[in-house]
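K.L.:
Pulled the feature table from TrEMBL, pasting it below:
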{"type": "DOMAIN", "residues": "27-384", "note": "domain 'Luciferase-like'"}
{"type": "BINDING", "residues": "ASP55, THR98, HIS148, TYR152, SER223", "note": "FMN binding site"}
{"type": "REGION", "residues": "427-447", "note": "region 'Disordered'"}
Amino acid sequence: MNSRQMVLATFIHNSGAHPGGWRYGADADQHDVDHYVRLAKTAERGKLHCYFSGDQQGLPMIKGRDAYAATDYAGKLEPTTLLAALAMVTSDIGLIGTVSTTYNEPYAVARRMASLDHITKGRAGWNVVTSAGNSEARNFGHDRLMDHDLRYERAEEFVDVVKALWDSWEDDAVLRDKASARYFDPARLRQLNHKGRFFNVAGPLNVGRPPQGHPVIVQAGGSGPGRALSARTADLVFTAQSSKDKAVAFYDDMKARAAAFGRNPAHMAVLPSVQLLVRSTEAEARAAQEELLHLIPDALAWATLQMQIGFDLSDYGPDDKMPDIPLTNGGQWVQQELVRMARAEDLTLGQLAKRATVSRASFSMAGTPEQVADMMEDWFRAGAADGFSLSPNYLPGGLEDFVDQVVPILQKRGLFRTEYQGDTLRDNLGIPRPAHAQMGHEPDLWA
């Protein structure tokens, strides 16, 4: 039995991670909560650590009417609302939701995530994103996306304020002492009075300290500022890596960065994203991959590539090679990885478009249950990952195949647990509960 075991999360894209996934297999209504209930229960049956719901606060900017019509972007439920519903039908699995620091305020996010942690009895997590598209900016009164590095500077302060607000109340502040008519102890409530570069927040929060102290924090930035934010604040780091060697380099860099911030690197798990496809034979897996690939219209692949690299390819064709392009203001890590892939493998833009649309710069693990388990074990033992963010190509069948066929193999090899170990997400991740930070002063609300 291995002492070190994998952390496994499932990243739920609408109908699956593959752009052709909504056309493959069983039909799934993304506005029907029962679709997500089925997925959450499946993930919990497999003893996965987390169910992760991503988000964008607007439709991505994909060029072309026909290309847009081929996407499944129309069905995107707001994550924390959805997760509150899933909390009622699950009891152990962590529930992680995406909330942007660019188009929210710290007090609102602190309250929302503290509430979710209470509702889930300590199973909530916050995926911190800075947003990466102009469509979101236009939905919040801005002409364009805030500059990349400025978004991360804002996010740094945002996370600090949210964590401080979670510490407004000490753990034992609420007394509910009927005899003394004291619902809480005023001496155990602190007012923040934060005045910073981006935010002025008085506090205190009107929700008691979350069961986990702080809900689990997740981050997935791959740029320099993104890595710095993750290393300083994140409990889980999601990443897209196209090869094991690149994943090892990223893993080592993130662990070193965490140590440089005075953190125990073991308390920050790095989870590369992998696209999953499980079949009984290798030939069946290859055939399924080909079928899924043919379900992506060429117009969608071409438009998606332009969105991902942040560059207009109107003057180029699918037989051309990657031109020199400026650094995007959006998701820089994905752009740089796709440019590197095109150059290293001498791909045409048409070839890259199909690859990029399918992989989103992640690694694909397709094959028999044993082959998928072998690939996961190889990465895990090579120091490329503490576990994985699992993105099935299609849903719900892709997740069910993994839970029913791959998880038992990982468990038999001692690489994955057979039961949940604790009551909270932090317990199950083996991440300590943060001590209450003594800061601020007694509120002046009653002065």
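Backbone N, Cα and C define each Cβ position, glycine as well.
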K.L.:
Checking distant contacts: for the region 'Disordered' (427-447), what same-chain residues at least six beyond its ends satisfy Cβ-Cβ under 8 A?
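P.N.:
Cβ under 8 Å, 6 or more out: 7, 49, 92, 94, 122, 163-164, 167-168, 170-171, 186-187, 189-193, 203-204, 209, 212-214, 216, 235-236, 267, 269, 420-421.
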K.L.:
Sort the residues of the region 'Disordered' (427-447) into helix, strand and coil with DSSP and give the three counts.
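P.N.:
Summed by class, the stretch gives 3 helix, 1 strand, 17 coil.
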K.L.:
Which chain-mates of ASP55 (FMN binding site) that are at least 6 residues away have a CB under 8 A from its CB, listed by sequence?
P.N.:
LYS76, GLU78, PRO79, GLY97, THR98, VAL99, SER100, VAL129
K.L.:
If you skip the near sequence neighbours and keep only those at least six away, which residues in the chain come within under 8 angstroms of TYR152 (FMN binding site), Cβ to Cβ?
P.N.:
THR130, GLY221, SER223, PRO225, GLY226, ALA228, LEU229
K.L.:
Is HIS148 (FMN binding site) helix, strand or coil when read with DSSP?
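P.N.:
SS state of HIS148 (FMN binding site) = helix.
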K.L.:
Among THR98, SER223, the binding-site residues in question, whose Cβ has the most other Cβ atoms within 10 Å in this structure?
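P.N.:
Sorting the candidates by Cβ neighbours within 10 Å, the top entry is THR98.
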K.L.:
Taking the residues the record says bind FMN (ASP55, THR98, HIS148, TYR152, SER223), how far apart in Å are the two Cα atoms that sit farthest from each other?
P.N.:
20
K.L.:
Could you say whether, by DSSP, THR98 (FMN binding site) belongs to a helix, a strand or a coil region?
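P.N.:
Note: THR98 (FMN binding site) is in a strand by DSSP.
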K.L.:
Using all protein chains in view, find how many other C-beta atoms are within 10 Å of the C-beta of HIS148 (FMN binding site).
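P.N.:
Looking across every protein chain shown, the total is 19.
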